[in-house]
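Below: the structure, in structure tokens.
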Amino acid sequence: MKVLVINAGSSSLKYQLIDMETEKVIAKGNCEKIGIGGFITHKTFDGRVIEMAADFPTHAEAFMKLKEVLTSGEGKVIEDMNEVSAVGHRIVQGADRFTESVLVTDQVVDTIEEIAPLAPLHNYAHALAIRACQKVLSKDVPQVVVFDTAFHSTMPEKAFMFAIPYEYYENDHIRRYGFHGTSHRYVSQRLAKLLNKKPEELKIVTCHIGNGSSVTAVDGGRSVDTSMGFTPLDGVLMGTRSGGIDPSVVAFISEKEGIAGKELSEFLNKKCGYLGISGITSDDRDLRKAANEGNRRAKLAGTMLRYQIKKFIGAYTAAMGGLDAVVFTGGIGENSVDLRREVCENMEFFGIKIDENKNIEFNGKEHDISAEGAKVRTWIVPTNEELTIARDTVEIVNRLKK
Ligand code: ADP
């Protein structure tokens with residue numbers, strides 16, 4: 001069974017075609033610049049790379065091109081689109097309407113659009129992509145939607161409410177939703193397997209640290225709190241996002257700069273974080289290089305992130321009443337030795353202690369970096385959101401057959 005996983009943005013459509021017998025990626029790529037030109041990058045399992053300009057006025061043309069590169073020319077990996085048994089879509093915002101992955105129906109797509117005001121940059125694009133996919137593939141090909149928010153739907157009220165007048169929750173659905181749920185679910189479940197434990201037996205803090213970052217408290221296999229909020233802006237500072245800051249700073253800047261609404265949101269999402277503090281880059285690798293060359297602000301940005309993650313680990317340990325394991329994942333979580341070292345420094349009080357040699361040794365595979373005898377197990381678990389989406393898709397499609 002082959003599953004096509006789609007991660008659509010407003011101007012891009014990332015994809016992976018996965019063979020579910022082996023769980024290996026057959027081909028992956030990205031259709032970019034939708035609506036403003038068009039460019040496709042397509043990579044096959046055996047190392048073929050196709051890069052070419054294309055014409056993508058809408059997501060529908062991008063899908064047509066995707067069909068073409070998968071089934072013909074130099075990047076061909078399948079004879080016919082009929083070989084694609086199902087499609088799994090990543091959806092950013094499921095709000096309180098979706099607490100698990102579901103099969104796509106017309107009503108599901110309508111609901112994804114209905115809640116789009118909560119995530120305007122993402123959900124409209126997801127709905128467009130699902131409809132485009134229905135047009136290009138046969139309507140008989142089942143499609144499944146997997147929500148970034150779903151894993152966090154188990155958070156208790158005390159964790160998801162904001163202390164603003166209650167009617168904003170009732171009327172406008174303003175609350176903490178949390179994101180990266182597919183990743184937090186994958187790494188926490190994977191870790192339970194690696195530790196030979198049931199998820200129900202474990203209290204885990206999962207740190208997904210990349211361009212966007214979030215930290216989650218997973219108690220007994222369920223998310224009980226998470227650092228991202230109503231949108232992915234809250235929590236720890238990120239590449240270009242501020243993370244959680246005193247809300248009055250927002251009011252101050254709004255007045256000083258004469259900006260509000262979209263412009264203010266753009267400021268907090270695009271001009272802050274690593275970029276805002278360092279003034280030079282949003283990328284962790286570039287930031288570390290600058291810091292090593294003596295750039296004080298670049299060093300500060302990195303130090304701030306690590307301090308904030310450390311505080312979340314402490315807070316979530318208190319919230320869960322204990323801690324069995326910490327997991328690092330995401331581009332930075334998996335690749336930055338310095339980040340893991342500094343986050344875990346002076347955490348013996350919590351039972352966390354890592355072995356510096358093991359911390360350095362990581363080679364892209366799941367890796368236990370705990371020091372001998374440490375009470376809390378600390379691991380690096382590379383995330384795999386696409387595989388999780390594909391697995392959910394298979395499970396739902398199989399249920400359908402029964
Ligand atoms: P996103 O949140 O967009 O999925 P990623 O999880 O890919 O982002 O993380 C991107 C970040 O990871 C960047 O800041 C990048 O510098 C950092 N990073 C560090 N080392 C690597 C590496 N070897 N490969 C990829 N990203 C890395």
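Yeah, the Cβs are placed from backbone N, Cα and C, and that goes for glycine too.
Counting every protein chain shown, the number of other Cβ atoms lying within 10 Å of the Cβ of E385 (Mg(2+) binding site) is 22. Under the heading Mg(2+) binding site, TrEMBL lists N7, E385.
Annotation comment: TrEMBL describes K14, H208, I209, G210, N211, G212, D283, D284, R285, G331, I332, G333, E334, N335 as ATP binding site. A sphere of 10 angstroms centred on the C-beta of E334 (ATP binding site) encloses 20 other C-beta atoms.
Under the heading substrate binding site, TrEMBL lists R90. Spatially close to R90 (substrate binding site) yet at least six residues away along the chain are V5, I6, N7, A8, H126, V146, D148, T182, E385, I389, judged by Cβ distances under 8 angstroms.
What TrEMBL lists as active site, proton donor/acceptor is D148. In this structure, D148 (active site, proton donor/acceptor) belongs to neither helix nor strand by DSSP; it is coil.
Residues or ranges marked as site 'Transition state stabilizer' by TrEMBL: H180 (among others). The Cβ of H180 (site 'Transition state stabilizer') lies under 8 Å from the Cβ of D148, H208, G212, S214, T216, M228, P232, each on the same chain and at least six residues away in sequence. A coil conformation is recorded for H180 (site 'Transition state stabilizer') in the three-state DSSP classification, outside any helix or strand.
What TrEMBL lists as site 'Transition state stabilizer' is R241 (among others). For R241 (site 'Transition state stabilizer'), the same-chain residues that are 6 or more apart in sequence and have a Cβ closer than 8 Å to its Cβ are G212, P232, L233, L268, N269, K270, C272, G273.
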**Item:** recorded positions close to ligand 1 - of N7, R90, D148, D283, only those whose C-beta is under 6 Å away
**Value:** D283
**Asked** So how far apart do the ATP binders K14, H208, I209, G210, N211, G212, D283, D284, R285, G331, I332, G333, E334, N335 get, largest Cα to Cα in Å?
**Response** 23
**Fill in**
Top of the binding-site residues N7, N211 by count of other CB atoms within 10 A is N7
